[in-house]
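According to TrEMBL, the features are:
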type	residues	note
COMPBIAS	1-11	compositional bias 'Polar residues'
REGION	1-35	region 'Disordered'
DOMAIN	51-149	domain 'BTB'
Amino acid sequence: MVVVTGQNKVSANPDDAMSSSDAEDDFQEPATPTATQAGQALPLLPQQFPEVVPLNVGGMFFTTRLSTLRRYEDTMLAAMFSGRHYIPTDAEGRYFIDRDGTYFGDILNFLRSGDLPPRERVRSVYKEAQYYSIGPLLDNLEDIQPLKGEKVRQAFLGLMPYYKDHLERIIEIAKLRAMQRKARFAKLKVCVFKEEMPITPYECPHFNSLRFERSESETKLFEHH
């Protein structure tokens, strides 16, 4: 035990007294990180990029200008290479993007000069453009086949209330009818009609009104409630 009176320190037990050097050791500030520890930490933001950027996209290598990646401000690539985010590098110093690089060349060609991919790659490039949030490329791809036809089809189906629900129900009925007849195929007659007023969920046609037990000789009607 150490007894303190004024500024004089008296030790009741010399063996238990703490030396000044021991006391200083207990109150030392944390040591400064070594060079090895500092190397393991993430670099300080913002991250600096060279004018010519080497890329490793899922194991495929590309080289482009920094201005190309930043061409459209509201894209993911522009945000990634804005300096606000840390991007890891591979063993060769290429900036790594963990994404399949098969169609990344088409992305770069659009950013460079507005080039669009051939028709057979439109769907795949569209998917990549969605991932990188490249709005101008998405707009251009939607105006060419096969996406243009799909866009028109979806617009048409949008005019048909509950299309998806009805289609799934029709398939379910067809499967049940085929099982009842022990057949590989089943034919259904579907009546498509137009209402003067919009159909609400409570006015939706009841597909359960189809009678599975009808014989071939009976009149086949689509009953609408």
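For all residues, glycine too, the Cβ spot is worked out from N, Cα and C.
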Query raised in the report: Reported in the order helix, strand, coil, what are the DSSP residue counts of the domain 'BTB' (51-149)?
Result: 43 helix, 16 strand, 40 coil
Report task. Note the mean pLDDT of the domain 'BTB' (51-149), expressed as a whole number. Result -> 95
